[in-house]
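Summarising the annotation, TrEMBL assigns transmembrane segment to 20-46, 58-79, 85-106, 149-173, 185-207, 228-248, 268-288.
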Amino acid sequence: ALSMAVASWSCQDMIHPLDIFGIILYSVLTFMAAVSMLVFLEECIYIYRKVPANKKSIIIWVNGAAPVIGTMSCLGMWIPRATMFTDMTSACYFAVVVFKFLILMLEEVGGDEAFLKRAGRHKLKISTGPCCCCCCCLPYVAITRRSLFLLKLGSFQFAVLKIVFTILSIVLYTNGTFDLADLSITGAAIWINPFVGILTIIALWPVAIMFMHLRTALRTLKIIPKYAMYQLVLILSQLQTAIINILALNGTIACSPPFSASAKGYMMSQQLLILEMFIITLVTRLLYRRQYDPLPVEDGNDNEHTKMAAIPVSA
């Protein structure tokens, strides 16, 4: 949770206590965030010119996850009073990216109709993370229009509801009834945040199911490192921040005047995110900057470069 001590600081309060090292650090991190956004804009121009129309917006959305989060972290680093809004903006953007990555995998095999045609004799393995990775007894599911619709719906609900709950949180915040630091049973945050967490897990499950099914067919399109970068953005922007905040609250991260322990932990989280998103931006640029040729048609011999993950005979 964001400490109220951080939220009360203005941009001027951040600049005056900085020494030479702090000025250099803030300058370098700001430069990284700016370069990330410039690289993203250059990539958008390339995608607009070289990529087929049905993939343009999807790839731009997925590519924008790291630079958008890095830019929002930079704004939060300089203007701590805006941190709740910058964090919510990053979270809403990534909620859309979760759904877009699922659609991206479908478009890479030619769209819904091509996917259903190729997957006629295959089934989906649903015993995968983050919901059911330990439930090996779950049956395989036939690939139909209905099952494909449910997979899309599972991720789409997060993109919509995350934005709805963000707007609700901002409205409650302006009314003085939403405080991220208020963890009492009567606080709004203690009810909204866990529910959003459940929605997140539900949304990640269809993406994992689709990836496990298509990872072989899309291996030549580098879908595994692309999925790894998508997961890395999720872990760093959500789990890492939570761990640093917990360490700050437990006193593991010492205070550094004029910052309290929680304020210092939050600033460390923002600074790490800027650096990490800068590196991820450069890596994703290499992964997505390629010629987008259609996949070969899957043949009956399960060719190594065209086959999908099929159901085992024993199942």
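Cβ coordinates come from backbone N, Cα and C, glycine included.
Each of 20-46, 149-173, 228-248, 268-288 was scored by its Cβ pairs under 8 Å to the transmembrane segment (58-79), and the highest score goes to 268-288.
Remote same-chain partners of the transmembrane segment (20-46), defined as residues 6 or more beyond its termini with a Cβ less than 8 Å from a stretch Cβ, comprise 60, 63-64, 66-68, 70-71, 73-74, 77-78, 271, 274-275, 277-278, 281-282, 285, 288-289. Away from its own ends, the transmembrane segment (228-248) comes close to residues 1, 62, 65-66, 69, 90-91, 94, 97, 101, 200, 204, 261-262, 264-266, 268-269, 272-273, 276-277, 280, 283-284, 287 of its chain (Cβ-Cβ under 8 Å, at least six residues beyond either end).
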